[in-house]
Amino acid sequence: IMAMVSCSLLSVMCVLAVSFAQSEPKTPAQIQIRLAGDKRKHYEGRVEVNYNGEWGTVCDDDFDISAAHVVCRELGYLGAVAWYPSAKYGKGEGHIWLDNVHCTGREASLADCLSNGFGVSDCRHTEDVGVVCTQKRIPGFHFISTSSNDVETLDVRVEDVRIRATFSQRKRIPITEGFVEVKDAGKWRQICNEWWSPMNSRIVCGMHGFPGEKGFNTRSYRLLSARRKKNYWGFSVNCTGNEAHLSTCRMGKHRLMGNSTCARGMPVVVSCVPGRLFAPSQSLGFRKAYRPEQPLVRLRGGGNLGEGRVEVLKGGVWGTVCDDNWDLRAATVVCRELGFGTAKEALTGARLGQGMGPVHMNEVECSGFEKSLTECYFNRDALGCSHEEDAAVRCNVPAMSLRSRLRLSGGRNPYEGRVEVLAERNDSMVWGTVCSENWGMIEAMVVCRQLGLGFASHAFQETWYWPGDVSADSVVMSGVRCSGTEMSLAQCLHHGKHLSCPKGGGRFAAGVSCSDGAPDLVLNAELVEHTTYLEDRPMYTLQCAHEENCLASSAAMADASSYRRLLRFSSQIHNNGRADFRPKAGQHAWIWHECHRHYHSMEVFTHYDLLSLNGTRVAEGHKASFCLEDTECDEGIPKRYACANFGQQGITVGCWDTYRHDIDCQWIDVTDVKPGDYIFQVVINPNYEVAESDYTNNIMRCQCRYDGYRIWTYNCHTGE
């Protein structure tokens, strides 16, 4: 009887224990998701889940469109279009992590959905599920991930790799030559060169930001290594030449004891060839502002050095590359071609902004040894590709020590503050401020890029609200003027030792705030070409426009009954960037114009010019931003800005603002223009008042013929 009571009590305790365990709240598992498989677009593929550091798949049992929505939103897309069972995108490998998944569609992660539990499945890889996401991305979505979302995730097997320069080479910037050392168990170790190959050197140079390797004086390094104590790494390395990092090369099993002699060899040495941008010079350690020859490939829209959307020149027209099959191998060809090292990331889905013009290349396949992306195989038919699929890269760049001579001080966060530079004064290095006279957005862009903080969002000429280091109040740099291509503020034009700053430093020192993303305004050139026409309008109907300086200077003497000839057109301005375009001034600083009865958030938003064929201005106009708003948006993107009722002004990412041809000041006054051939030019944000990721596409030009009665506008194009 006692035994039966004990068993009953034990059963009750077991049931209670289970019920208490079930009632305790569960912490959602931390997972990462990616899309994989062959012959797919970047927004579709087999669903793969990383759980406990291992990638696996999801079974199609009970999977539905609600679960597909959760997957796609977790990847940064607006939602799902479809899902496919039965391994449509090929069979995966490893674990089948999830089975019998049930989602409501409102979950933040697939891990939040009901399922059998991780690793509990009776499925095979023939049942791997796939999804197709909408091509539209969630505005402002950031990939928060410890590893790449691409299939080419690096498998790091070593802690770190460095090129250790000899004593005589350590002052050179960048360091291009020295002993290769691997960090293992917290200690730096050399590699025996008995099994070393040129392909290994190619990878070491590439991961340190250099496009190639070259020979060196072996004898001097052999003599030097003979005098040094050595601590060899216990593995040999075998690279194919296409790896992004030494850690992904095959490692040999042959082991040496830590201080063994490497009898027939010596520690590995590499000598790298720097790209033109980083070629050492006697004066500054690197060249002045980069002035490249006309390339066939370029990067646009990147906030930091060595990153951007890939654009290709074909037939005199710049276009983009579709991201179908885009991988690290193709990205590395681009990086090396432009004088950088291997690619850190091959980005898809217009992650660094949408381009413009044609899509020149699709389904690019590279061996990895091409001199140019244009030598790779590609499909010339870009059917089905849009600029939402523009490919981009992030490249390895050399360590230039640029951040050691510049800092931001006094800001609320690391992305803002007073600009302080390290300069030589009286034979010693001291920190000081930069004179804010003529300080603008272009200079701020250079500062943010030098510090690796992305784009500038504001340039400040007063910084009294950022109390920096009092000992650094003195001005040590003045007269700064940048072109925007410089790697550092020191490369910009400035006064040198003979400073001139009437306001002084302190509260009037230059400051910046930086941001990960920036807007990018692009004018629809086709719409301008199709809507251009002439209108003769009586002067008495143009009094408000005259007050806002929208007419030619001769209008001041014109009779009220006379007519003005106006070149009218519509403009549609798209924001293709990664941040909303907002006016520089806040609402409190907007200017009220009584005649038109509206506020101007930017006094000059666009310049309209008619130029002679040699570039001389013959007629001009300008448009104030009396209403920056989201006229229309891409599918799935809500409008955020509207001018009605003194509302917030701006242009959301993926939206556009339309200025119709029939509103005031949407013209050029051509009353005094003689018949002939001209260039019609529109420039958006001409004074760089608001930061953008790319100013080169703010200009639109058309060829124009005027016979005194009619006007023909043709060959309109945006950009350089």
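From the backbone N, Cα and C atoms, a Cβ is placed for every residue, glycine too.
Since this is a predicted model, take the numbers as computed values, not measurements.
The signal peptide annotation in TrEMBL covers 1-17.
What TrEMBL records for 33-134 (among others) is domain 'SRCR'.
With a 10 A radius on its CB, CYS59 (disulfide bond) counts 24 other CB atoms from all the protein chains. Positions annotated as disulfide bond by TrEMBL: CYS59-CYS123 (among others).
According to TrEMBL, the feature disulfide bond maps to CYS72-CYS133 (among others). Sequence-distant contacts of CYS133 (disulfide bond), defined as residues of its own chain at least six apart whose C-beta falls under 8 angstroms from its C-beta, comprise LEU35, TYR43, GLU44, ALA68, VAL71, CYS72, LEU75, TYR77, LEU78, GLY79, ALA80, VAL81.
The feature disulfide bond is assigned by TrEMBL to CYS103-CYS113 (among others). Around CYS113 (disulfide bond), the same-chain residues at least 6 positions away in sequence with a Cβ under 8 Å from its Cβ are ALA67, VAL70, VAL101, HIS102, CYS103, THR104, GLU107.
With DSSP states grouped into helix (H, G, I), strand (E, B) and coil, the domain 'SRCR' (163-273) comes out at 28 helix, 29 strand, 54 coil. Among the features that TrEMBL reports, domain 'SRCR' is placed at 163-273 (among others).
Feature annotation from TrEMBL assigns disulfide bond to CYS239-CYS249 (among others). When Cβ atoms from all protein chains are considered, those within 10 Å of CYS239 (disulfide bond) total 21, not counting its own.
The domain 'SRCR' feature in TrEMBL is assigned to 297-396 (among others). Break the domain 'SRCR' (297-396) down by DSSP state and the numbers are 16 helix, 38 strand, 46 coil.
What TrEMBL records for CYS366-CYS376 (among others) is disulfide bond. Within 10 Å of the C-beta of CYS376 (disulfide bond) there are 17 other C-beta atoms, taking all protein chains into account.
If you look up TrEMBL, you'll see 406-515 (among others) marked as domain 'SRCR'.
Annotation source TrEMBL lists disulfide bond at CYS482-CYS492 (among others). Other Cβ atoms within 10 Å of the Cβ of CYS492 (disulfide bond) number 21 in total over all chains.
A distance of 41 Å separates the Cα atom of CYS239 (disulfide bond) from that of CYS492 (disulfide bond). Put simply, CYS482 (disulfide bond) is 37 Å from CYS366 (disulfide bond) when counted between their Cα atoms. Annotation for CYS482 (disulfide bond): same-chain Cβ neighbours under 8 Å, separated by at least 6 residues, are ILE442, GLU443, MET445, VAL446, LEU489, CYS492, LEU493. When averaged over the domain 'SRCR' (163-273), pLDDT in the model lands at 82. Cα spacing between CYS59 (disulfide bond) and CYS249 (disulfide bond): 33 Å, rounded to the nearest whole number. Listed stretches 163-273, 297-396, 406-515 were compared with the domain 'SRCR' (33-134); the greatest number of C-beta pairs under 8 angstroms is found for 297-396. The candidate set comprises the disulfide-bonded residues CYS72, CYS103, CYS123. Of these, CYS72 has the most other Cβ atoms within 10 Å. Applying an 8 A CB threshold to same-chain residues 6+ apart, the list for CYS249 (disulfide bond) reads ASN200, ILE203, VAL237, ASN238, CYS239, THR240, GLU243. Calculated from their C-alpha atoms, the gap between CYS376 (disulfide bond) and CYS123 (disulfide bond) amounts to 40 Å.
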